[in-house]
Amino acid sequence: MVFFPHRHLIGIKGLTEQDITYLLDKADEAVKISRQREKKTSTLRGLTQINLFFEASTRTQASFELAGKRLGADVMNMSVGNSSVKKGETLIDTAMTLNAMRPDVLVIRHSSAGAAALLAQKVSCSVVNAGDGQHEHPTQALLDALTIRRAKGKLSRIIVAICGDVLHSRVARSNILLLNAMGARVRVVAPATLLPAGIAEMGVEVFHSMREGLKDADVVMMLRLQRERMSGAFVPSVREYYHFYGLDAETLKAAKDDALVMHPGPMNRGVEIASEVADGPQSVIAEQVEMGVAVRMAVMETLLVSQNQGPRSDGMMA
């Protein structure tokens, strides 16, 4: 029997191909549960999950909440807007307070890179990173991988083009790490102003033209233009950005005929993607949302149940 040797899920970095495959296989089982009429199980009955979101989120928080409830856990959502953090309490103080309540898992989203890793050092329960600044978003990468694997039958040797605001995207970083670990060929397509320094060292091919970057791609993954994280003029205008880097039906023709179109959401229609593509036959954006619940069910079950069945490290995969 294969065991998952980690206590927390802080990032994709540090996960092996075997670890990733284990979680994806477990998520495949969760998909079956989610498609049943009776979706609730007793796997995590008696265990407590706290969702601690310091950044606004709709789909991710709802997905984690639904995942926990389908596994039978008691789920509590912490509203930061009404919390002691607004009164000056530090993240560490908050962590210590929550730890005293003896939860079994804390799910955290925070605007600062490293927040999840810091929390994991201060609490006695498992920690799941739901996105920390521009660092990582591991469950998003896992759900994207599950979506691709279910559609294409594999992850190895496929060509994935990640397009758009790579600089500010934790989704891009986690996907690059995961796809490389699984043997995919990864491309990034963006203007130079929206690419981090040293991006090529992450094992990707860099393109500044959509048509060139999408040529023969099996998967086209569009990223939102994250204007809320921009302090300067990274693009001349939204209109010009869409002209050169937006995905419409004509641009998509550069990819393979059966290429998947993906987007982590929320989408900016007419900014990075056209509605004709987002709602078109090659889009698997709705499937990504469905796979998100399954992946988070798999992560929760693995950390809270499987970890007690074999050797485990306290490595945080940061």
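The backbone N, Cα and C atoms fix where each Cβ goes, glycine too.
Residues ARG59, THR60, HIS137, GLN140, GLY265, PRO266 are recorded by Swiss-Prot as carbamoyl phosphate binders, and the candidate that the same record lists for that site, out of ARG35, ARG102, ARG109, ARG239, is ARG109. Take the mean position of the Cβ atoms of ARG59, THR60, ARG109, HIS137, GLN140, GLY265, PRO266, the recorded carbamoyl phosphate site; other residues of that chain with a Cβ within 8 Å of it are SER57, SER63, ALA130, GLY131, VAL171, PRO264, GLY292. Across the residues the record lists as binding carbamoyl phosphate (ARG59, THR60, ARG109, HIS137, GLN140, GLY265, PRO266), the two Cα atoms farthest apart are 16 Å from each other. When the C-alpha distances from ARG170 (L-aspartate binding site) to the binding-site residues ARG59, ARG109, HIS137, GLN140, PRO266 are tabulated, the minimum falls on HIS137. Highest Cβ count within 10 Å among the binding-site residues ARG59, ARG109, HIS137, ARG170, ARG224: HIS137. Each of the binding-site residues THR60, GLN140 was scored by the other Cβ atoms within 10 Å of its Cβ; the lowest score goes to THR60.
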